Amino acid sequence: LNILVDTGSSNFAVAGVPDPDVTSYFNPELSSTYRSEGIEVTVKYSQGSWTGVLGTDVITMPKGLYGSYTINIATILESENFFLPGVKWHGILGLAYDALAKPSSSVETFFDSLVRQAKIPNIFSLQMCGAGLPVSGSGTNGGSLVLGGIEPTLYTGDIWYTPIKEEWYYQVEILKLEVGGQNLELDCREYNADKAIVDSGTTLLRLPEKVFSAVVQAIARTSLIQEFSSGFWTGSQLACWDRLEKPWSLFPKISIYLRNENSSRSFRISILPQLYIQPILVIGDNLQCYRFGISSSTNALVIGATVMEGFYVIFDRAQRRVGFAVSPCAEVDGSPVSEIEGPFSTADVASNCVSSLSFHEPALWIASYALMSLCGVILLVLVVLLLIPPRCQHRYTDNDVVNDESSLVRHRWK
C-alpha cells in the first residue's frame, strides 16, 4: 500500500474495505498477526475524515531495521473526502506526537512504537522531492523518509534548527515574513495566530487571513504582472502561459524567518516562485496552466509541501527541535529553488511571538465551555433572585445555624 506521510496527525491508518477511489486495501481477515482492539476511532483533518477500528499488527522495515515490530493500526471502514479520485495512496502515517492520537493520547504512535521496540534514536527526517513537477503528474521523484536519524547525502550546506514550542503538532515560532526582500511589517504574533506548524500532510503554504492578504498584496505589488485575476489568488482559477514562457521570473521569492535555538538569533528559509507557482494542467499544445501554492487559513500558519519540497526537514524529537537544510532535489532546470541564510538578530521582534494562552486539547475546550456555561447559569439565577421582591422576613433565633456554606451565598453572616 502507498501511505501518505503526515507530520500533522498521529494515527496510522489504511483502507480496510474496498473504496471506489483506492486501488488496494488491507484485509485484516487475511492477516494471522492482526488483533482487533474493537475500539472505534474517527479522525478529522482540515480536508476530509474517516472512521475505522483500532487494532494491532506486525510490521517489518525494508531497510536498516531488522526484526518485527507490533504497532497500532486503524482500518478505515468509512471516509468522507479523504480518499479522492486519482490519489495514489491507500492510507496515512501520522508522525506527530501522541497528544493528537485518536481516540486518546494513550494510543501509541507508529514512530513511538519503533523508538521503544527497535531502540532507534527519537529523530526522523523527510525529503520531499516534487519541486517544479506537475501537481497532477504520476510517479515519484525519489523523496525519502529516514527513521532514526539524518542522511548526509540528502542535504547540502548546514542544518539550521528552530525549537519546537509545544509537542503536539510540530509547532514552531515564526518571527516575520518577507516578499521580494521586503518585510511585511506585521506584528509577529499574527504569524503564530493560534499556531504555526510544519505539516507534510498539507499541500500548500497556508497563512492566517491577515498574513495571506498582506502576502498577496506584496506579491501583486512586486511582481511584473500589472493586472491579475483575484480568482488566481483564492485558488478558484488557474493562470496560463505559453509553454515556452516560464512565468517564474515574474514573481518574487518569499522568506520565512524562524527563531534559532539561540533565541537572540534567527534564520530564514526562502522559496523561489518555482515552488509556489505550480504547474498543474496542460491545455492543447501551447498552454501550461499554474495554480497559486499559497492559501488562507482560519486557524494556523502551516508550512506544508509547497515549502517543504525545498528542504530536507529534520524532526529531532529527542532535542525538541526542527531542522532545515537545502535539499539537492529542490532544483528546476538545474537551478536551486530554495535558500537558507543566517544568522540574523532578533532585536527587531518581540521576545515571544507565540501566545501563552492556548487551549489546544479538545478536552480543555470542552471544559472551558462547560465552566463558562455553568457560570452563566449561576449568574442568571442570581440576577433573577435580586429582581424578585422579598415576600416575607425571617427573624433569626439562637436555634438558627448560620455556617459558612449557607452564609456564603445567602447572607454572608459570620
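Backbone N, Cα and C define each Cβ position, glycine as well.
According to TrEMBL, the feature domain 'Peptidase A1' maps to 1-325. Predicted-model confidence for the domain 'Peptidase A1' (1-325) is 93, expressed as mean pLDDT.
The active site feature in TrEMBL is assigned to D6 (among others). Listed in sequence order, the residues of the same chain lying 6 or more apart from D6 (active site) and placing their CB within less than 8 Å of its CB are I92, L93, G94, L95, A96, D199, S200, G201.
The active site annotation in TrEMBL covers D199 (among others). The Cβ of D199 (active site) has 21 neighbouring Cβ atoms from other residues within 10 Å, across all protein chains displayed.
The N-linked glycosylation site annotation in TrEMBL covers N262. Applying an 8 A CB threshold to same-chain residues 6+ apart, the list for N262 (N-linked glycosylation site) reads P343.
Here TrEMBL flags 363-388 as transmembrane segment.
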